[in-house]
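Chemist: Could you have a look at this structure, given as structure tokens, before my questions?
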């Protein structure tokens, strides 16, 4: 018999003997695997701290189903990133700031006459230039203070509107547009003054462009009586600021500072009037601390008139609401003074 055939028969005999004795098979395979494993190269996983990750390995291998349940995900996130820090909800608003130099809206030291004894032949009309001359131009106006302390968000939307209008109308067209708005507003105030004074009412020709605004406020005028002042300057003697008040009169039996506004868009809510409530509060405080006025005011009224003649929106401010906006005004006034001081230091 050839040597190759002998080797083949010998191998078959060994396999048959092994299969007949199955008890030796695991040992044979284990021994073979052990021998083979000795030939493998060094593995980097041997250096891993297995005790550190023992719990994680046990968790993954202990179950045959997927461990990615909601509870398991929360546990893993907590292990990897730590505990969740809950942010403040939208309803948690910061406490309102209090003015450092708080001055009351009303003047406790001012002796006010009853309304029936404060009637004049003509309403008060103190010119603003005379006040500026008296103060040598060093006292800021309410309008200036509000403009220079305008919130960033409000300034952003105002600038965006301006740029949009410039894109549509051009620089010159936008200038003409704003000039026309100013002219219409001025005509509207002049004719309102005539109507409130009842001078040549119904005989005077209405200026073109203002008839729509006048029609818009007709239902408001029927509730206004006892005009005390028209286009009159006010000066807060303690806080040192100036303003020009459109009107002080009784509205539904409440003495109010009345501010007439024109708008091309509806403004049904007081928040739509932006800083106008602060302006009203500033004027009320100034009147109460101005000796030229022998009365005090604690209410306000914003009237928004529309060019198309649709009924004007009225926003009445009672005493509590006036106090609310008075505090906001005091904060804006403090901000203005702080900015002014910083600017003077840099010069």
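Including glycine, each Cβ sits where the backbone N, Cα and C put it.
Here the structure is a predicted model, which means the values were calculated and not measured.
Residues or ranges marked as active site by Swiss-Prot: 246, 259, 261.
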Chemist: Work out how many Å separate residue 259 (active site) and residue 246 (active site) at their Cα atoms, rounded off.
Modeler: 6
Chemist: Given a separation of at least six residues and a C-beta threshold under 8 Å, show me what packs close to residue 261 (active site) in the same chain.
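Modeler: Listed in sequence order, they are 267, 273, 276, 302, 303, 304, 305.
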Chemist: What are the non-local neighbours of residue 246 (active site), defined as same-chain residues 6+ apart in sequence with CB under 8 A from its CB?
Modeler: 189, 230, 231, 258, 259, 260
Chemist: Please work out the number of neighbouring Cβ atoms within 10 Å of the Cβ of residue 259 (active site), leaving out its own Cβ.
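Modeler: Residue 259 (active site): 20 neighbouring Cβ atoms within 10 Å.
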